[in-house]
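Visitor: Please find one structure pasted underneath; my questions will follow.
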Amino acid sequence: MNTDDVLAVFREAGAILEGHFILTSGLRSPVFLQKARVFMHADKTEKLCKALAEKIRAADLGPIDYVVGPAIGGLIPSYETSRHLGVPSVWVERENGVFRLRRFDVPKGARVVIVEDIVTTGLSIRETIDCMKDLGIEVVAAACIVDRSAGKADVGTRLISLAAYEVPAYPADKLPPELAAIPAVKPGSRNI
């Protein structure tokens, strides 16, 4: 599965939106990938996550003990990808603004892959890595369905992406006039 195939799945689901969006990262963009419209379809989710699992397997990372998903966006793709890898899925969630592994016991030294939905700046993955390091858990790689930065985001580890789809993103004070003229909406989940 390549970038065009992934974007075709997003288009079929009506998940590529145009307008003025405030991304979870705080950046602004004329394009928003509404992955919830994809993930509401089990067949589309399975297709994408099975392909991502195959790409993770092909990366020859050695044994993987768990897949970790940052809540909220990483919950569905991490679970479905773990199913195809045949390993358990756990997640981190925010507690006072910091990712914590609250509901699971993962042993020190466990080898994990972090699976995210969409990467723009890599912040959620970096925060998940910090949480794992604090617990003595080894992050062998991160993976995502779509890398909006097309490889430019610093995620703090190797990033395996199913699709690289570079979409412009701007700080709020550096918007192009045509984007500034459109009212902004904030569909992301960072502060949930």
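Cβ coordinates come from backbone N, Cα and C, glycine included.
Feature list, courtesy of Swiss-Prot:
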type	residues	note
BINDING	E116, D117, I118, V119, T120, T121, G122, L123, S124	5-phospho-alpha-D-ribose 1-diphosphate binding site
BINDING	T120, R148	orotate binding site
Visitor: I need the neighbours of the 5-phospho-alpha-D-ribose 1-diphosphate site defined by E116, D117, I118, V119, T120, T121, G122, L123, S124. Which other residues of that chain put their C-beta within 8 angstroms of the C-beta centroid, in sequence order?
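Guide: Apart from the listed residues, the neighbours are T24, S25, G73, I125, C144, R148, A153, V155.
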Visitor: Which is it, of T120, S124: the one of these binding-site residues whose Cβ has the most other Cβ atoms within 10 Å?
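Guide: That would be S124, with the most Cβ atoms nearby.
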Visitor: Sort I118 (5-phospho-alpha-D-ribose 1-diphosphate binding site) into helix, strand or coil using the DSSP assignment.
Guide: strand
Visitor: Just how many other Cβ atoms lie inside 10 Å of the Cβ on E116 (5-phospho-alpha-D-ribose 1-diphosphate binding site)?
Guide: 25
Visitor: To the nearest whole angstrom, what is the C-alpha distance linking E116 (5-phospho-alpha-D-ribose 1-diphosphate binding site) and R148 (orotate binding site)?
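Guide: It is 12 Å, counting Cα to Cα.
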Visitor: In Å, rounded, how far does the Cα of I118 (5-phospho-alpha-D-ribose 1-diphosphate binding site) sit from the Cα of R148 (orotate binding site)?
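Guide: Rounded to the nearest whole number, the Cα-Cα distance is 7 Å.
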Visitor: List the Cα distance (Å, whole number) between G122 (5-phospho-alpha-D-ribose 1-diphosphate binding site) and R148 (orotate binding site).
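Guide: Just about 10 Å between their Cα atoms.
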Visitor: Highest CB neighbour count within 10 A among the binding-site residues I118, G122?
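Guide: Max Cβ neighbours within 10 Å, all protein chains included: I118.
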Visitor: Counting across all protein chains present, how many other Cβ atoms fall within 10 Å of the Cβ of R148 (orotate binding site)?
Guide: 26
Visitor: How many Å lie between the Cα of T120 (5-phospho-alpha-D-ribose 1-diphosphate binding site) and the Cα of R148 (orotate binding site)?
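Guide: With distance taken Cα to Cα, R148 (orotate binding site) is 5 Å from T120 (5-phospho-alpha-D-ribose 1-diphosphate binding site).
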